[in-house]
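Q: OK, TrEMBL features for this one:
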SIGNAL    1-19  signal peptide
BINDING   Thr45, Ser46, Val117, Val270  FAD binding site
DOMAIN    310-324  domain 'Glucose-methanol-choline oxidoreductase N-terminal'
ACT_SITE  His570  active site, proton donor
ACT_SITE  His613  active site, proton acceptor
Amino acid sequence: MHILQLGGILASLATLAGAVPPAALKRQVSQLRSNYDFVIVGGGTSGLTVADRLSAAFPAKTVLVIEYGEIEFAPGVFDPPTLWITAAPDQASSWTFQSLPNPEMNNKTAFVLAGQVVGGSSAVNGMFFDRGSRFDYDSWTEAAGPDSSGIRWNWQGIFPFFKKSVTFTKPTAAVAQKYGYTWDVSAYGGSTPIYASFGPFQWADQQLLRKTWDELGIKSRKECAGGDKEGVCWVPSSQHPVTARRSHAGLGHYADATRPNYDLLVKHQVVRVVYPQGLSLGPPRVEVRSLADNQLFNVTAKAEVVISAGALHTPTVLQRSGIGSASVLGAAGIPVVLDLPGVGANLHDHSGAPVTWEYTTPGNFSPLPSDMLDPVFFANATAGFDEIPAQGPYTMAGGNSAIYVSLPHMTTNKKLKSIIKKIRDLASNTALASSYLPADYRTNPTMIAGYKAQLLALANLLSDPDAPSLETPWATGGTAYGFLLHPLSRGTVRLDPADHLAQPILDYRAGTNPIDFDLHLAHTQFLRKLINTPTMQQYGAVETAPGAGVSGDAALVEYIKEQIVLSFMHPCCTAAMLPKAKGGVVGPDLKVHGAKGLRVVDMSVMPLVPGSHLSATAYAVGEKASAIIIDAWSHGH
Ligand SMILES: Cc1cc2nc3c(=O)[nH]c(=O)nc-3n(C[C@H](O)[C@H](O)[C@H](O)COP(=O)(O)OP(=O)(O)OC[C@H]3O[C@@H](n4cnc5c(N)ncnc54)[C@H](O)[C@@H]3O)c2cc1C
Ligand SMILES: *[C@@H]1O[C@H](CO)[C@@H](O)[C@H](O)[C@H]1NC(C)=O
Ligand SMILES: *[C@@H]1O[C@H](CO)[C@@H](O)[C@H](O)[C@H]1NC(C)=O
Ligand SMILES: *[C@@H]1O[C@H](CO)[C@@H](O)[C@H](O)[C@H]1NC(C)=O
């Protein structure tokens with residue numbers, strides 16, 4: 001059975017254990033102070049990290065977080081963990097998006113979720129807690145170019161904040177031995193109550209794919225969180241080491257961090273920021289709308305406003321504020337306050353198609369996910385999750401294994417060279433590169449320069465044998481998705497011109513850069529090889545998709561277009577940290593170019609998506625941003 005289907009079966013188990021929220025929780029603007037030093041827009045993964053750190057660093061300064069969603073207070077409220085990714089989430093804790101059709105993908109739409117709750121997406125995600133490779137973060141500074149700020153967002157500059165952001169707990173010796181877990185504590189070292197741990201459970205066939213990857217020449221790595229992860233990886237889950245309950249920002253950076261100077265307003269939407277006296281006289285005011293009675297109210301910030309509404313909502317807050325592309329604002333009838341074309345541009349995500357198979361001589365493996373359909377097994381699993389320490393299938397979230405493979409390790413040298421050459425040629429061909437951008441950016445030199453800089457950084461990354469291009473996570477057999485870790489196509493997220501407060505319009509533009517198909521093709525061809533390994537043949541593995549009928553590149557590309565999952569829920573990069581001359585929205589200090597007292601801190605600031613799921617990076621970005629802001633206000637900004 002497929003992990004995503006398992007989520008549906010487990011969905012009925014949601015429990016809502018109540019607990020009393022702290023006094024600092026506000027539900028109405030009448031409960032707020034007359035002003036705040038720092039106002040943070042969005043109580044999600046990065047935003048709560050910043051609120052926690054600033055309120056701790058400056059006891060005499062006040063911090064307000066404004067969050068659209070509810071507070072779900074009890075630890076484990078979103079457990080069992082495999083609740084994620086159902087087409088209709090059964091709690092009002094997520095937004096559900098359907099993108100515009102993608103013409104290059106047979107008009108398929110992307111289905112995307114985003115957390116709408118205190119804790120943001122960390123409270124609803126799949127709890128797969130990996131970091132990108134060093135090459136991913138180095139590509140950010142490479143694309144940005146020379147920087148005199150001294151703030152380094154490359155691997156060396158962000159690694160200390162990855163360490164700080166999380167507490168890693170080793171599994172017991174017995175559990176480690178049973179499954180072969182490996183780790184290296186030097187990748188960790190923090191004491192923040194955001195937990196990374198390995199559960200005491202695996203499906204019985206988990207080892208089969210490990211052996212298969214070994215037979216395909218993919219090496220096991222002891223630790224994958226220290227910058228190098230090309231190989232077979234154990235990936236911890238963001239869960240408590242004893243209870244196996246979800247660890248998320250709403251717990252680790254709010255409930256566990258209550259302070260008299262740290263307020264949280266829930267069920268309010270930030271409409272926009274307003275500069276009554278002009279952009280140079282910040283910080284702006286923050287206009288909020290009560291979801292209870294629709295009333296508007298201005299919150300006054302004395303020091304700074306930090307927008308942390310996530311990659312899909314941060315651009316709309318900026319656009320409603322008149323900060324964005326003049327043509328987009330014009331179409332929506334919003335007066336231009338600051339023309340920054342990069343706002344809502346550069347949208348990308350991970351996507352990929354599956355290879356699936358069946359065993360004609362299956363081994364006697366027990367337990368397997370299909371056992372969850374047996375009421376006795378199911379009841380035992382539920383009881384196990386409530387044991388101390390927690391036991392059984394629910395302790396494993398969506399899984400904790402993955403391969404990360406570089407392009408040089410998947411393709412022939414000839415094929416590799418041809419793909420890299422195509423990307424390099426594109427990076428130096430202004431006419432062609434611009435033709436792959438959204439129509440309204442094709443004559444904008446800054447947007448084109450930024451795209452070309454990204455392409456060059458990607459050509460360098462993808463040609464490196466230690467820089468992964470493909471990820472395949474797994475928990476059991478039967479399906480292997482090929483995540484395209486470094487897509488070249490770019491989309492947009494823009495406010496709905498007909499209703500500015502409604503959900504934004506997502507245009508993924510997937511496959512508009514045709515080189516993405518070369519990469520998907522290389523990945524899928526590589527994954528198909530798993531069927532013929534000795535381990536798979538021992539169990540009579542037969543490919544069910546693409547299937548024997550699909551041969552040749554053209555047919556395989558058609559299969560990919562039909563079966564691709566267009567979002568693995570990692571939308572990003574829509575307010576990119578790049579110079580203004582490269583279409584950037586924020587600088588290395590995360591200040592919005594040209595607007596005083598305004599920063600963005602969330603997954604929209606990345607110029608390029610890292611080759612990992614995003615929550616660990618969202619915490620690390622929040623930690624590094626906090627250090628930057630604390631430093632600024634400790635020295636009179
Ligand atoms: C279903 C799903 C599965 C995922 N699986 C994984 C996984 O297994 N592993 C992993 O590492 N990552 C995963 N991710 C991705 C990861 O969780 C997110 O990329 C990351 O948490 C985003 O952090 P953020 O701070 O940018 O935004 P968020 O954490 O999403 O925070 C944004 C917050 O802003 C609030 N907000 C938005 N607009 C407004 C407004 N106008 N006013 C006030 N508040 C507002 C939102 O309600 C939200 O709380 C998954 C994401 C989803 C949605
Ligand atoms: C996608 O939709 C457009 C607009 O409706 C249509 O013209 C086009 O033929 C469709 N493409 C495919 C492959 O179905
Ligand atoms: C917030 O302030 C701006 C600028 O002064 C003003 O135009 C707007 O009406 C105010 N909103 C509310 C709700 O008071
Ligand atoms: C029930 O769960 C426990 C762990 O909590 C496990 O050790 C045991 O094997 C399970 N029993 C069955 C029949 O699955």
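Heads up, the Cβ atoms here are built off N, Cα and C, so glycines get one too.
Please treat TrEMBL annotations as automatic predictions, because they have not gone through curation.
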Q: What three-state secondary structure does DSSP assign to Thr45 (FAD binding site)?
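A: SS state of Thr45 (FAD binding site) = helix.
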Q: Using a 10 Å cut-off, grab the number of neighbouring Cβ atoms around the Cβ of Val270 (FAD binding site), all chains included.
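A: There are 26 such Cβ atoms around Val270 (FAD binding site).
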Q: Please identify, from the binding-site residues Thr45, Ser46, the residue with the sparsest Cβ neighbourhood, meaning fewest other Cβ atoms within 10 angstroms.
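A: Each of the binding-site residues Thr45, Ser46 was scored by Cβ atoms within 10 Å; lowest is Thr45.
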Q: Could you give the number of helix, strand and coil residues in the domain 'Glucose-methanol-choline oxidoreductase N-terminal' (310-324) as assigned by DSSP?
A: 7 helix, 2 strand, 6 coil
Q: Going along the chain, which residues six or more apart from the residue listed as 'active site, proton donor' have their CB under 8 A from its CB?
A: Asp349, His350, Met603, Val609, His613, Leu614
Q: In this predicted model, what is the average pLDDT of the domain 'Glucose-methanol-choline oxidoreductase N-terminal' (310-324)?
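A: Averaging the confidence scores along the domain 'Glucose-methanol-choline oxidoreductase N-terminal' (310-324) gives 98.
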Q: Tell me which residues of the chain lie with their Cβ under 8 angstroms from that of Val117 (FAD binding site), as long as they are six or more apart in sequence?
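A: Long-range Cβ contacts: Glu67, Gly69, Glu70, Ile71, Glu72, Ser93, Ser94, Ala123, Val124, Gly250.
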Q: Compute all pairwise C-alpha distances among Thr45, Ser46, Val117, Val270, the residues listed as binding FAD, and give the largest one in whole angstrom.
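A: Maximum Cα-Cα distance: 17 Å.
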Q: Using a 10 Å radius around its CB, how many other CB atoms surround the residue listed as 'active site, proton acceptor'?
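A: For the residue listed as 'active site, proton acceptor', the 10 Å Cβ neighbour count is 27.
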